[in-house]
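Below is one structure; the comments refer to it alone.
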Amino acid sequence: MKLKVGLLGGGSWGTTVASLTAKNSPTIIWARNQEIVDEINTHHTNTKYLPNAKLTHSLRACISIKETVEDADVIVMGVPSQSLREVLAEAKPHIRPWVPIINLAKGLEISTKMRMTEVIEELMPGHPIGVLTGPNLAKEIHFGKAAAAVIAMVDHSIAQSLQPVFSSGLFRVYTNDDVIGCELGGALKNIYAIATGMGDGSNAGDNTRAAIITRGLAELTRLGIAMGGKKSTFSGLAGMGDLVATCSSAKSRNHHVGFQLGRGKSLEQIISEMNEVAEGVKTTKVVMELAKHYKIDMPIAKEIYKVLYEGNNVNDAFKGLLKYETGSEKEPG
Ligand SMILES: NC(=O)C1=CN([C@@H]2O[C@H](COP(=O)(O)OP(=O)(O)OC[C@H]3O[C@@H](n4cnc5c(N)ncnc54)[C@H](O)[C@@H]3O)[C@@H](O)[C@H]2O)C=CC1
Ligand SMILES: O=C(CO)COP(=O)(O)O
């Protein structure tokens, strides 16, 4: 029997994942915009978020959250982090008991500093909860480029039962039981994508980008372990994999924000010109508080924070980093 999927969120990644699951399982995607719902149902496209992409024909879109989730065997959350709580609360009365809920968002909730699976757990106790994450730039996956992802759930057998829902020939889904590490890998790497974007936008060079990626990995691993993630996760697809893809790609929205900052544009202007979310901007704010709480040294994230929120420019950020003491490359412990 095929599991039925109800996916909430009609942006670029929600639509991409819905198009993937529709190849394997009956899938309904909820979007809050009627024009997008009509376009998906009539033309099998979502041109606002995925120009030139053709979606799986069997994918059905719906404007009603209730209709999207009430018969679903798996719920997938595809809205940005700051909206997840509100959207899930609306869906909650219509979700059947024990149905697994899988998060796609890569961010942290500003008001509570919670991970998305923690928000889901708070709203929906008793449901199996997981995250699908990894180096997965939506705009590549639609054009038939191979990619790999991780589905992380505490219960390995449930993760295994969901693998075939998301997998296809060119989209390889591995399992992992480290939900915390996988989720943090996806959220934290966005900060370093802003950093490498800033470097690329100001012509800093390939060596600089490699240094930021490598030291960024050390930084996010330190915080990730302090928050309960496993060290090995951060060198896997959800950690290093996603960090490398996002930090090196002009298709990344976070890299784009950094790139434009590097070119001298203001954050307000950059955000006002984008119609998609760049989670790293808000995640940087939350991570500064987490770094303080867990007493973790995060020099790159700190410089990015100062550019985003304290009026520093890209030169200030690079000067700040160069002044930072170079200790041993090895992590304590
Ligand atoms: N685009 C990508 O390549 C990938 C994105 N992600 C993550 O997936 C999450 C969603 O990102 P995208 O789909 O790319 O973003 P997007 O900016 O393309 O679309 C966001 C969608 O959420 C909807 N939305 C926002 N607030 C809402 C609310 N309060 N109620 C209902 N709908 C709301 C918007 O209307 C839009 O349809 C983000 O956390 C992102 O980091 C993860 C992997 C890849
Ligand atoms: O998470 C992503 C790729 O894995 C998408 O990154 P952006 O949100 O920066 O586009």
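Glycine is no exception: its Cβ is also placed from the backbone N, Cα and C atoms.
All TrEMBL annotations are machine predictions without curation.
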Further sn-glycerol 3-phosphate ligand in TrEMBL, beside Lys106, Lys189, Asp242, Ser252, Arg253, Asn254, within candidate set Gly78, Gly134, Gly144: Gly134
Distance [Cα-Cα, Å, rounded] between Gly10 (NAD(+) binding site) and Asp242 (sn-glycerol 3-phosphate binding site): 22
Counts by DSSP class (helix H/G/I, strand E/B, coil) across the domain 'Glycerol-3-phosphate dehydrogenase NAD-dependent C-terminal' (178-318): 107 helix, 0 strand, 34 coil
Pairwise Cα distance maximum in Å, sn-glycerol 3-phosphate-binding residues per record: Lys106, Gly134, Lys189, Asp242, Ser252, Arg253, Asn254: 15
Neighbour count (Cβ, 10 Å) for Arg32 (NADPH binding site): 14
